[in-house]
Structures are given as structure tokens and as C-alpha cells.
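Asks: One structure follows; several queries about it will come next.
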């Protein structure tokens with residue numbers, strides 16, 4: 001890597017450093033050569049289409065032309081993420097010097113938004129660990145305010161937050177005294193006990209007692225009298241006594257659990273503020289999913305603390321480094337950046353993933369590789385968690401502010417009243433009402449943006465189109481660690497939701513392909529376009545998973561022979577694409593086995609969730625179906641967890657998304673075996689070599705599917721009904737194409 005000058009002048013105090021990746025030049029040269037090869041391939045397809053002599057050959061040529069056109073488009077837009085790769089380093093030791101030069105007495109205030117929805121899918125103890133990990137930051141505690149957004153309106157979640165507040169009384173001094181790195185108690189107590197401090201055992205007993213209380217309340221589904229110790233707590237839980245209180249229909253609930261100017265820990269240090277917020281819900285009002293909840297948090301926090309910096313976290317994404325805010329401040333306090341910097345995005349990194357990452361839940365391209373390239377242009381996309389925002393960015397572009405409907409919600413408003421004062425609480429309840437946004441600019445010009453199930457991606461796009469930029473911060477020690485799904489159906493449902501949301505952005509008036517390119521330039525516009533249309537991978541993947549194999553079953557050659565010059569073209573295109581992808585994967589600390597599983601999951605997603613996502617989106621456009629926000633379960637079953645640890649695929653749940661996947665596995669296996677039999681009989685297969693290779697490659701990737709169909713007896717095996725349905729579909733496909741392919745021979 002080549003080092004470039006810091007963003008600061010030579011004599012100034014540097015807060016960070018920018019380094020350009022040496023492989024950038026290679027990526028650009030390779031992209032130019034590879035693109036020329038693609039043009040030759042498309043020209044070849046066009047010639048074959050023009051000179052088709054039968055209807056079958058015309059359809060085959062047209063299919064490959066369409067398929068490879070989509071592959072070209074997706075490859076080209078991905079290259080925009082590899083043209084300007086940069087790395088960054090932060091100098092935390094210089095922060096105090098910069099604050100002194102700015103004549104600032106202290107670090108800026110920080111509001112933390114932690115989102116949760118359902119305690120039965122997102123275990124409350126995960127939320128507790130996340131809350132405690134950020135409350136224990138190496139940061140002035142009186143400057144931290146933690147807001148928990150409970151969009152399910154659950155008294156169980158409120159109880160868990162109350163327990164977290166009580167435990168923090170002991171946990172924060174313990175972390176400060178012993179300089180603990182793992183500030184999440186769950187993570188700390190899971191580490192090697194030999195490194196514990198003398199008082200760790202006592203703290204663990206407190207934590208385990210708290211955990212038992214929370215889990216018992218979760219099991220009962222309500223907070224019993226035996227768990228209420230104060231009148232204030234009884235008053236708070238009395239709101240759930242109303243029989244009309246449901247998760248879809250309930251009033252606003254705002255409970256201040258800790259106030260930094262009043263509450264102190266066991267060593268008389270001030271504690272961070274902790275506020276529970278559940279916005280008003282009504283069946284007759286639109287709630288805009290997570291984006292709506294975040295906008296309520298923006299408004300409520302503005303009335304109470306209005307910190308200039310906001311950290312957005314998911315409930316299961318705990319802080320893994322107590323100095324993380326300092327890394328973000330190295331950019332947010334840079335005088336050359338701060339006027340145009342909307343957010344600092346940290347990568348999503350997951351713990352608990354098995355050794356070889358069976359389901360490719362690291363999403364290394366999306367969360368590690370691509371942001372490095374985008375950071376060299378205008379910055380990475382916003383991924384919904386682990387992101388430090390400049391509050392000002394939610395109110396118009398860098399040079400033009402869009403004022404909110406009341407001045408108290410503006411980014412420059414100064415809060416000079418206590419959080420629990422009557423005027424503050426009244427205004428907070430008002431702005432959390434379900435009808436408050438009616439006839440306002442919230443969600444359209446102000447705050448997190450509405451219009452897509454992937455509100456994070458859409459919000460990042462809109463902010464950058466308004467003139468803001470972002471920074472990708474990837475320190476050596478992971479800033480945040482979260483949970484990843486360990487069931488294939490959960491993984492595919494999650495990807496299906498992302499596919500629908502990205503298509504909503506693609507076909508909106510803010511499409512990156514049109515509006516984005518005009519506002520951001522070609523590189524950033526096309527990079528966002530890649531994300532928007534990534535679900536269209538299903539078109540070429542489906543065609544390549546079925547068409548060559550069905551032709552192989554009928555002895556029909558669709559690829560060049562080994563002796564033809566164009567055979568070299570195919571070899572170069574395949575090896576070039578896979579080789580570049582493997583290289584990027586390995587550079588970002590991947591392994592060959594992890595990469596193999598990653599490309600296998602790419603094929604699986606292409607034959608399942610991508611296609612279903614596209615189908616559901618277009619059906620919705622026709623008014624035929626509806627979709628909503630599907631929450632990925634974080635609850636782990638012991639047997640399922642054991643199978644996941646062994647690297648076994650989990651097919652146990654019945655899902656229509658498995659049908660095309662299993663059908664493709666059956667078709668490829670039969671076609672490969674048929675070709676192999678022909679070779680053993682002495683038939684000349686020179687013209688069918690590439691088809692056999694492709695079928696064999698799919699079969700190799702599909703080994704876990706065959707195992708789950710035939711060899712396994714556990715709950716994670718493929719249900720017989722799904723196997724039977726897929727087999728019938730494979731036979732139907734064979735029969736459907738038999739007549740036209742036979743006529744073409």
C-alpha cells in the first residue's frame with residue numbers, strides 16, 4: 001500500500017491517515033482487459049442469434065445473450081467498488097490535543113439508538129449486553145445517553161432495561177477499575193476464567209441472577225409483582241394493564257431509567273442516561289417499520305439531549321471495543337471533513353459463526369471489500385448498525401438546512417431542562433405519536449428516509465445525493481460484534497427482504513441508475529446500482545443452472561469445443577472472475593474454504609431468495625401480494641446450534657424457496673451422470689466438455705443438498721414433500737424441453 005498525505009496540513013495535529021491500496025492499478029488494468037473479453041463473448045452470442053436456423057437454437061442463443069448481458073451489467077457495476085480502494089488509520093492519542101486547540105472543554109455529547117422489536121425473536125439478554133457495552137465506553141459517562149427503541153411495546157423489554165440499569169451500578173465501576181476490554185458482560189464471562197480479577201466472581205453472580213429474572217419474566221410474558229421493587233416501577237408497568245394494549249395498538253411509553261446528572265454508580269461516578277422508548281402504535285396509521293422507529297428516536301432524543309453525534313445499533317450488535325467512539329471522533333472532529341461528513345460506518349462483524357462460515361453470513365464483499373473501494377470516492381453505504389451520525393446530516397444538505405416543524409427538534413437546539421421535567425416529557429410524548437408526522441417532511445426530506453424495506457441503504461443514498469460524504473472506519477479490533485442467523489431459511493428470508501427493498505430503491509424516483517449517477521457521478525451511482533439490482537443475479541444463475549444441463553441430457557452442444565479458439569475465451573472469463581473474487585476475499589483475511597462456501601451461497605441465493613424477492617416485488621407492483629418487515633430470529637435451538645457447529649446445512653423448515661434449489665441439484669446430477677456414462681461408453685464428448693464441467697461444478701456445490709435429501713435423519717434434513725415436489729418439477733422440465741431440443745438435433 002502507498003501512503004498519502006493526511007487530511008491535515010503537515011504542521012497540524014493529525015487525527016487520521018489515508019493509504020491507497022497498491023492493487024488498485026491492477027484492478028483497473030484487469031477490468032479493461034476483462035471487459036474487452038466480455039464484448040467478444042456478447043458479439044459471439046449476437047452472431048449465433050442472427051444465424052440461428054431453428055427455433056430451439058434461436059431460444060438458446062437468446063437465453064445466453066440475455067444471461068451474459070445481466071452478468072456483464074452486474075460485473076461492471078461491482079468493478080466500481082474496486083477502482084479506488086483505500087485504507088485508514090486513526091490517531092486516538094491526538095484527540096485531546098485537537099479538543100484543546102478548539103478550546104472545547106469536553107468530548108461532544110453522544111446519543112445511542114438501540115433498536116429492538118420482539119423479545120421472543122431478539123432475546124432481551126442480548127439487548128442488555130448491548131446496552132451495558134455502550135454505557136461502559138471509555139468516554140465521559142455524563143455525555144452518553146442511551147435510547148432503547150422497543151417497537152414491539154413489550155413490558156419484558158422494559159423490565160430487561162430496568163435490570164440493566166441496576167446492574168450498571170456495579171458493572172461500570174468494575175470495567176473502569178480493571179480496564180476491561182470486553183464491556184459486554186456476556187462476552188466477558190464467556191472468556192478464559194484464569195484472566196479474571198478478584199471481584200469478577202461476585203459480579204458474575206449478580207449477572208446470572210439478573211439473567212434468571214429476565215428469562216423467567218420472558219417465559220411468563222409479563223412482569224409479576226414479585227419483580228417490582230419500587231412504586232415508580234409499578235407505575236411504569238401499569239400501562240400494560242390496559243386490555244387494549246397490544247404490540248400493534250398502544251400509547252407512547254417513555255421511561256427514564258437513568259439520568260446522567262442525578263444517578264451515580266457504586267463509586268459515585270455519574271452514569272449515562274438510559275431511556276426506554278416505545279412509540280405510539282395504531283392499526284389505522286402507517287408506521288414505516290424501522291425507519292419510522294428511528295425517526296421517533298431522533299425527535300425524542302432532540303427534546304431530551306439533542307447530542308450532535310448519534311450512534312445507531314441493532315439490539316444484538318454489542319460494542320467490542322470501549323474506545324470505538326474515539327475512532328469515530330477522529331473523523332467527525334476533523335475540521336476539513338466535519339462540514340460535509342454525514343456518518344462514519346463501521347463494518348458488520350459477527351461472532352458465533354462456525355469455522356468455515358457455512359451460510360456466508362460474513363458478507364465479506366458487502367461489509368468489508370466494497371466499502372474500502374467506495375471510501376475512496378464518496379464513502380460507504382449505511383448498513384443499518386454500527387454507524388456514527390452527524391445529527392445535522394438529517395436536516396438537509398451541508399449548505400442548506402431543512403428546518404423541522406418545531407425549533408426544539410432542530411440540530412442546533414439547546415436543551416436546558418432536565419430529562420424528567422414535565423415540559424420535556426410532554427413534548428417527547430407528543431413527537432412520538434403515531435400521527436405526528438402527518439403533513440411534515442419527516443421520512444422524505446428530514447430524518448431516516450421512507451420508501452424501502454432497506455431504509456438504511458436508502459437513507460445513505462439520499463444523504464450522499466444531498467452532498468454529504470461518509471467514512472469507512474475498520475480498526476484492527478472489531479468495533480462491534482453481532483449475531484448471524486444459523487438456519488438456511490432465516491438466511492434466505494433475510495436476503496429476500498433485502499432484495500425487495502433494493503428493488504424498491506431501484507424503481508423509485510431516486511434510482512441510482514438515473515438520479516444517483518447525476519448526483520454522485522458514474523462510479524458511486526453505478527456502485528449503488530449494483531446493490532439495487534443484485535437480486536437480478538437469479539436470471540443468469542437460473543439459466544446456467546438448467547439450460548446447458550438439459551441440453552446435455554439430449555446430447556446438444558451449446559458451448560465451444562475444446563479445439564475451438566473461443567474455448568479459451570470461456571476459460572479466461574470463468575477463471576478471471578473467480579480468481580479476482582478469490583484474491584479480494586483472501587486479502588480481507590478470508591480462507592479458501594470460506595470463499596468456497598461464499599460462492600456456493602451466492603449460487604444458492606441466486607436460485608432461491610433472489611428470484612422470490614424479484615417475484616414478490618413485481619407482484620406487489622401489480623397489486624397481487626403484500627410484504628412487510630420480516631424479523632430474523634436470534635433465538636438459537638441447541639440441536640440446531642450443534643448441527644451448525646458441525647457445518648451441516650439446516651433445511652428442516654418447509655419453504656418454497658428450497659424447491660428451485662433442489663430441482664437444480666437433481667437436474668445437474670442426472671445430466672452429469674448421463675454425460676459420464678457416455679464418456680465411459682467411449683462416446684466423443686469434446687463438444688459437451690464445458691457442459692459436463694458446469695454440471696459437475698454445480699453437483700460439487702450441491703453435495704450438502706444430496707446429503708440432506710438422502711443420508712440425514714435429523715430435523716435439519718430436507719422434508720420428503722419438498723424432495724418429491726422438486727423431483728416432479730425436474731421431470732416436468734425435462735419433458736417440456738424434450739420436443740424442441742430433439743427437433744434441433
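Yeah, the Cβs are placed from backbone N, Cα and C, and that goes for glycine too.
Heads up, here are the entries from TrEMBL:
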- 151: active site (ACT_SITE)
- 456: active site (ACT_SITE)
- 121, 122, 151: UDP-alpha-D-glucose binding site (BINDING)
- 290, 314: Mn(2+) binding site (BINDING)
- 25-43: transmembrane segment (TRANSMEM)
- 55-76: transmembrane segment (TRANSMEM)
- 528-547: transmembrane segment (TRANSMEM)
- 607-629: transmembrane segment (TRANSMEM)
- 657-680: transmembrane segment (TRANSMEM)
- 687-706: transmembrane segment (TRANSMEM)
- 718-737: transmembrane segment (TRANSMEM)
Asks: From the recorded positions 290, 314, 456, pick the residue whose C-alpha lies nearest to the C-alpha of residue 122 (UDP-alpha-D-glucose binding site).
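Replies: Ranked by Cα distance from residue 122 (UDP-alpha-D-glucose binding site), first place goes to 314.
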Asks: Which residues does residue 456 (active site) neighbour through Cβ under 8 Å, counting only same-chain ones at least six apart?
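Replies: Within the chain, residue 456 (active site) has Cβ neighbours under 8 Å at 381, 382, 383, 384, 385.
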Asks: What is the separation, in Å, between the Cα atoms of residue 121 (UDP-alpha-D-glucose binding site) and residue 151 (active site)?
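Replies: Residue 121 (UDP-alpha-D-glucose binding site) to residue 151 (active site), Cα-Cα distance: 13 Å.
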Asks: Restricting to CB pairs under 8 Å, which listed stretch, 55-76, 528-547, 718-737, is in contact most with the transmembrane segment (25-43)?
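Replies: When the Cβ pairs under 8 Å are tallied, 55-76 comes out ahead.
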Asks: Please identify which of 121, 290 has the densest Cβ environment, defined as other Cβ atoms within 10 Å, among these binding-site residues.
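Replies: In terms of Cβ crowding, the pick is 290.
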Asks: For the transmembrane segment (55-76), could you work out the same-chain residues 6 or more beyond its ends whose Cβ comes under 8 Å from its Cβ atoms?
Replies: 34-35, 38, 41-42, 45-46, 48-49, 526, 530, 533-534, 536-537, 539-540, 543-544, 547, 551, 558, 577, 740-741, 743-744
Asks: Sort out the residues at least 6 away from either end of the transmembrane segment (718-737), same chain, that have Cβ-Cβ distances under 8 Å to it, and list them.
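Replies: That would be 546, 550, 553-554, 651-652, 654, 658-660, 662-663, 665-667, 670, 705, 708-709.
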Asks: Counting across all protein chains shown, how many other Cβ atoms sit within 10 Å of the Cβ of residue 151 (active site)?
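Replies: If we count other Cβ atoms within 10 Å of residue 151 (active site), we arrive at 24.
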Asks: May I ask for the distance between residue 290 (Mn(2+) binding site) and residue 151 (active site), taken between their Cα atoms and rounded to an integer number of Å?
Replies: 8
Asks: Around the C-beta of residue 122 (UDP-alpha-D-glucose binding site), how many further C-beta atoms are within 10 angstroms, looking at every protein chain?
Replies: 22
